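Over in TrEMBL, the protein carries these features:
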- 70-205: domain 'Exoribonuclease phosphorolytic' (DOMAIN)
- 232-295: domain 'Exoribonuclease phosphorolytic' (DOMAIN)
């Protein structure tokens, strides 16, 4: 398929005529059905928002038309930034995140002479939401950056040894800048997805060290993709009233929830990490439910990435 083609998962082939990115749609539970089932008006519950949500949750549905275990429509574009060595743009409902990877050469650390570096950074600028302010990174941005760093380390998405060019002399540094363009909750899932897609898009030039001069020589005409060892995918849940789990929460749902939890798994169904920043505790059974749903979500995301990667490869 030509780059930029579109396919809506689960629809007939005629949808291939539509131009645009690859899309993983949410399940089709329209708002009209929710209104009929829940008997709640479509006006936003501004006076008592939590009670407004509870009236929906009692009927196992949400104000935006989703059931409790449904994700918002997911879109990924790869190669969005031509000046980067790899990039991807991910939309999770209204939440929009772009990741650009820039590669530079540097000397490896003395205590890690055979390893390169991966440096992630998540930015939540004021343009993405009124809840953020210009200036130094806030608490949520710092927590998101640390989460991504932990995902990279725990999942071993890339072996840092693969980034070493000459032991003790030269290695690649991958600067992974993740910027939120539109914030509507679940920034961790979107950021992890964008990072994975961008890394799979990276092409690094061939580098050798001249034995006579000791200088590095870069061949821009010969480029190679990164070796992606694992494919970590994050799946986030909001906890309501200490017991009810809601997947892929919006910003409003995160604000009303009594806690959140993010599960990261890989393609071998291995649990890479559990991120639980306080809030309501989870029983072992509830946590296992989250892991099971995360494993299913991983398969959906991995399938989506594989298809878009295949679509942009030259025949």
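Positions of Cβ are set from backbone N, Cα and C atoms, glycine also.
Keep in mind that this is a model prediction, so the values were computed, not measured.
When DSSP labels each residue, the domain 'Exoribonuclease phosphorolytic' (70-205) comes out as 42 helix, 50 strand, 44 coil, counted as helix, strand and coil in that order. When the domain 'Exoribonuclease phosphorolytic' (232-295) is classified with DSSP, helix, strand and coil residues number 18 helix, 24 strand, 22 coil.
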